[in-house]
Each structure stands twice: as structure tokens, then as C-alpha cells.
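Presented below is the structure to which this report refers.
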Amino acid sequence: MRSSLAPGIRILRAVSRDSWYRGLIIVMTFLCYTCYHMSRKPISIVKSQLHQNCSAVSGGPHNASANSTWCDWAPFENANYNELFGALDDSFLVTYAVGMFISGIFGERLPLRYYLSCGMLLSGAFTALFGLGYYWNIHNIWFFIFAQILNGLAQTTGWPSVVSCMGNWFGKGKRGLIMGIWNSHTSVGNILGSLIAGAFVTKAWGLSFIVPGIIVAIMGVICFFFLIEYPEDVGCSLPQHNEETEKDEETPPLPPSSSTEEIYNGSLRSRVNSTNHASSDDLVLHEQPAAISFLGALRIPGVVEFSLCLLFAKLVSYTFLFWLPAYIVNVGHFNPREAGDLSTLFDVGGILGGISAGLVSDTFGCRATTCWVMLIVAAPMLFLYNQVGHDGISTTIGMLILCGALVNGPYALITTAVSADLGTHKSLQGNARALSTVTAIIDGTGSIGAALGPLLVGLIARTSWVNVFYMLIASDICACLLLSRLVFKELRGCCGNLTKKRGFTEF
């Protein structure tokens, strides 16, 4: 008597072929960008080892009392060590912001698999290069700045590539929820980077960079062998990027010009079955559409508004990323270890906020309105956190999670689902090769804010932390104002749809 099919196999067979491949893409891109963020985190962990309180360190030389900086790593032993650390941060962030605009242009013109794989190999090498300064006994600040600049350029290959790949595989229907969950890779990468760097920082801080660098490079090799750029490459169904039934306020195609005429030079990649040949093999024709130009991408409706909005939203987010532990120590009077643990709650809130923003925007079809509501609510919450956020441990935990959700929710939505929506906008007439350029423009503009935020805090915090929060609140309000036109358009469209459903005629 033959036994029935194993339950596990029945489950595997129940999942469609398309679902397996889409699951592979989610996992691959998630792991790729997790590695990118993991390699960015060690610098914040190692700073405390490069400049220490040597009086509290045991095992020093006999003349340790005469030399108060014996345990520091030159050139970070002097009083200007904070300025040197700031130079390291800004050299990465500014290079990343500038390089992002260029990266998207290359990403549209090169195969994503090659581009992403090479970028990960280079990023791994330059991350490890910083750590090799420990073993090569290098004490020149320009070596470390140069390593940060090279790493900043290499890291620009990541975000446009993974978002483009996700946009190629997933349509607009549930893109917000899927990408909201998928965007948790930033927090997962931060946590892994902290754990790996922390494991080596007191013994040999060079390994805090070398080990993550090796992991990134290995993931780049895996990406080369398994990443699939387009669903039609493996015979999967194409996602629906635009709703066919959407009639109100149709956006006309982009007019041909010197900067956008290449949009029309190609057509979608198509699969044509050979009906006149005895063989059953399919004849796959890859007619690659021409990539969109930088100015052509800027003309896509919504790109400019969301880019400028992200500048201010990312300014707030990265200010918390770089300065939240210091704020908790100075204002909340926690010790550094407790402050580091508490700061992770802001990332937890960011995960919840990204998922919630994606789910709500999918349900109501209003990306801009979702961002606007979260940003406008975040402003008073930031004020409350500064006023009462340290009255008790439970209050601190609750306010950190709430502020993390409201601050990082719009940031996550814009950099993922919104970027993918705009990169497959109906004005492109089916040409989805604008994804990388659009993503690079939006995230590159946001990265300018990411570089400005920590820099401004370093200047404003000398006066008062209250003034820092006023700056953050003002940035949130500016982000809301920049989305006002799109919010008005979405609300007018929603009202029009409700009127039609109730049987009334729009005038």
C-alpha cells in the first residue's frame, strides 16, 4: 500500500512557480541591502575605541598617568577628535549623496545583477580597507577619510538596484505593504553591524570592519549567481504597475524632447512563441527600451515633490540615527550602554511605522496623504518627547517607539513604494527602465538631508537640545508643505471616486 504524498511536499506544490521566484527576489534583495547597512554601522561602534577615557582603562604603561591619551588611536587622541569623527561621517554621507545621482544613471544602462554584484564586492573591499589601517598601523586621518569616500561611492550601487529589482517583480497593488516589511532590512543591518563590530571592538577594532566587509563581498558573489532582474527572464508573469481602470486625471505621456525622447526609442521586453517551428522552444526577444535621462526622470509627476520631502524627512531620521544615544545620555542621564540599548527602540518603531505606512497607503491608494499625516503628527510628538520623554523608563520606551514609527514611516514609504510607483509611472508608457534613475534622484536628494542633519545638530546642540528639536519640528513641517499639492490631488481624486460610487455626477 502506497502512502499519501508527504504534507510538506503538498505545501510546496501548492505554492505557484511565480510565488517561489518572487520569494527568492524578496530574500535576495533583503539580504543584499542588509549587508550594505551592516557595513555602515561599525564606524559608530569603533569611535568609542579610537578615543577612550584612558584613566579608566587598565593595563597601561608605567607612565600612563603622565600620558592621558596612551590608549587612543592617533590621530584621534587630540581634543579635536569630535571634529575628526565628523569628518569621517561627512566624507561618507556627502559622497553618498552626490554619488547617488550618478549611480542611478549607470544603473539604468548596466545589467542590475552585474552592477549590484560589483558594487557589493567594492563596498566589501573598502569597508575592510578601513579596518586594515589597524593592522598596517596607519595614523593618518586622510587614509581613513579616503576609505570612507570610496565606500560612500561604492554603496550608492545598492539602493537603486534593489528597489529597481523589487519594482520589476511586484506591481502596485500590494507594493506598499510588501516593501514596508521588506524595508526592515535597514534596522536588521544596523543590529547585525552593531553585534559584529561590538564582538571585536575591544580586542582588535580592525576586525570590526574586515569581517563585515568579507560578508558583504560574499553576498555580492551570491547575488551574481542567483539574482533575477526581470520576471520574464524565467517565464514568470509580469506585475501590473498601473491600474487600468483609473480614469480620473489621466497623466499625458511625457513629451518627446532632447532629454526624454529616448523613452520612446524602445519597447517593452516581450516573449514571442515560435508557432512555425517544430521545436517547442520559445523564442525570447529582448528589445531593451532606452534608459530615461536625468531631466526626463525629473519631469515624471511627483518626483520633485517627493525628493524634496525626503530631504527633510531623512534629515530628521538620520539626526536620530547619529545623535540619539548622545541625547539620551546627556538629557535622560542613562549610561552609554543603556542609551545604546534604548536607541534600538527607535529602529523598532521604524519597522512598525514602515509596515503601517505601506498597509494604509495600499488600502486607500494615497501615498502622499499617508506620508503627510504621519509627518504632521510627528511634529508635536517630537516636542512631547523632548518635554516628557524622560519622566520614566516606560515613558521613554513608549515615546521612542512612537517617534520612530512616525519619523521613519514616511521615510521608508517614499524610498520604497513611492520610488517604485514613480519609476513605473503611466506617463512612461510601459518603459520601466526609469526605476533606477528615479530611485537615485529621490534617495540622493534625501541623502543631502542625511548629511546636513547631523552637521546642524553638532552646531545647534552647543546652545540647547531644545533648539535641536525645534529644528527637527521645522523640518517635518517643511516636508508636509512640499507634499501639499499631491495631497490635495489625492484627496480630490478620492472624493471624486466616492461621488461616482454614490451615483452622483461630477461637474
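Note that Cβ sites are derived from N, Cα and C of the backbone, with glycine treated the same way.
Here is what TrEMBL records for this protein:
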TRANSMEM  20-39  transmembrane segment
DOMAIN    25-492  domain 'Major facilitator superfamily (MFS) profile'
TRANSMEM  91-107  transmembrane segment
TRANSMEM  114-135  transmembrane segment
TRANSMEM  141-165  transmembrane segment
TRANSMEM  177-201  transmembrane segment
TRANSMEM  207-228  transmembrane segment
REGION    239-262  region 'Disordered'
TRANSMEM  303-324  transmembrane segment
TRANSMEM  368-385  transmembrane segment
TRANSMEM  397-422  transmembrane segment
TRANSMEM  434-461  transmembrane segment
TRANSMEM  467-488  transmembrane segment
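Residues of the same chain lying 6 or more positions beyond the ends of the transmembrane segment (207-228) and with a Cβ under 8 Å from any Cβ of it are 21, 24-25, 28-29, 31-32, 35-36, 38-39, 41-42, 45-46, 112-114, 116-121, 123-132, 165, 193, 196-201, 234.
The domain 'Major facilitator superfamily (MFS) profile' (25-492) scores a mean pLDDT of 80 in the predicted structure.
Taking pairs at least six residues apart, the transmembrane segment (177-201) and the transmembrane segment (397-422) share three or more Cβ pairs below 8 Å and count as touching. Contacts between the transmembrane segment (141-165) and the transmembrane segment (91-107): present, as 3 or more C-beta pairs lie under 8 angstroms, all at sequence separation of six or more. Under 8 Å from some Cβ of the transmembrane segment (467-488) lie the Cβ atoms of residues 302, 305-306, 308-313, 315-316, 319, 323, 327, 366, 368-369, 371-372, 375-376, 378-379, 382-383, 385-386, 410, 449, 453, 456-457, 460-461, all in the same chain and six or more residues away from its ends.
A contact between the transmembrane segment (91-107) and the transmembrane segment (368-385) is absent, since fewer than 3 of their C-beta pairs, 6 or more residues apart, lie under 8 Å.
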